[in-house]
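Comments concern the structure below.
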Amino acid sequence: MASGKAAGKTDAPAPVIKLGGPKPPKVGSSGNASWFQAIKAKKLNTPPPKFEGSGVPDNENIKPSQQHGYWRRQARFKPGKGGRKPVPDAWYFYYTGTGPAADLNWGDTQDGIVWVAAKGADTKSRSNQGTRDPDKFDQYPLRFSDGGPDGNFRWDFIPLNRGRSGRSTAASSAAASRAPSREGSRGRRSDSGDDLIARAAKIIQDQQKKGSRITKAKADEMAHRRYCKRTIPPNYRVDQVFGPRTKGKEGNFGDDKMNEEGIKDGRVTAMLNLVPSSHACLFGSRVTPKLQLDGLHLRFEFTTVVPCDDPQFDNYVKICDQCVDGVGTRPKDDEPKPKSRSSSRPATRGNSPAPRQQRPKKEKKLKKQDDEADKALTSDEERNNAQLEFYDEPKVINWGDAALGENEL
């Protein structure tokens, strides 16, 4: 093993050098730490580990007869609000006759102790291997030639050929040793992918819990990353992120209301249910590459089909009518509401709830004025006026349960 200094006399993971380096001392040192890195439970209250093979870590410096020892449970905690909180236990390996349980013989029963032995080991003998002084020696990386612990445990992967070049690299090396490895290790269990998925799911859950806490810097980054990867942050307008709305070309979706409200507009959430995923866009589109003076232009043509019997078919049609080439328009039900009068004001003739007396209408004069106004209208204006006058669809859209798919968004 190679010498080097590491901060603290603890069993915290540290970078490890080759197993084939200088042999560890034959007697105990001033420290009382395990020679090996720990295995860590994935959950709280996990039962003691079981091993596919002998459970003794690989170490070519140890004689076969001394390949026996015990795994000892170490409770762990992390600081939190209201005091420290428990985290899943760590288990450290010690050779028989060394470590915190040095007074026990192999096989003696004690809580938090699991005895292991390799084939051909003399379990009646006691090891002269001693324990590790963290100030002088690094941890061995764990390797199990005949099978490691069961799927309830994991350990941080440390490459065998990683060395230390002094104290200045200790922190970065330790951080790297604690990071998930993309490489496999001999004895690593096949369910490590499940562990990765579980950790990824926890990260997503944590992000969802903190989803409303988007900092100003994060929002700015969301709005100004590469154009094809942008998303609209809260309180941003559509044109702040994707530019002005247009007609008949790219950027033609969104009316004035949607442009102003951004993701607060419920129609955005509804339509995102029809937008293809990245994989669907790449593999389900007609992709057309074209070299231009400013670079490579990629065009993706994708069609989403909403069946006619879809419960929200009419709502999707309505949104498309409103938002495709919708710049300069607003939904018909997006009319300014009259301000409510304060109930604390005394009733007067001006604000009395009693209906005002209506004057008789002068039918002939009004009709004449209407006829003159109609003559000044274009055909498009007449059509718009007709929609405004006779538009009687409900102002509140009931999306129902089928507005979004069960697994969408």
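Using N, Cα and C of the backbone, Cβ positions are placed for all residues, glycine too.
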Phosphoserine per Swiss-Prot (candidates: SER29, SER343, SER379): SER379
Candidate set SER127, SER185, SER190, SER340, annotation phosphoserine, source Swiss-Prot, matching residue: SER190
Residue carrying phosphoserine as stated in Swiss-Prot, selected out of SER165, SER192, SER212: SER192
Of the residues THR169, THR215, THR246, THR378, the one that Swiss-Prot lists under phosphothreonine: THR378
The domain 'CoV N NTD' (31-156) - residue tally per DSSP class, helix then strand then coil: 3 helix, 43 strand, 80 coil
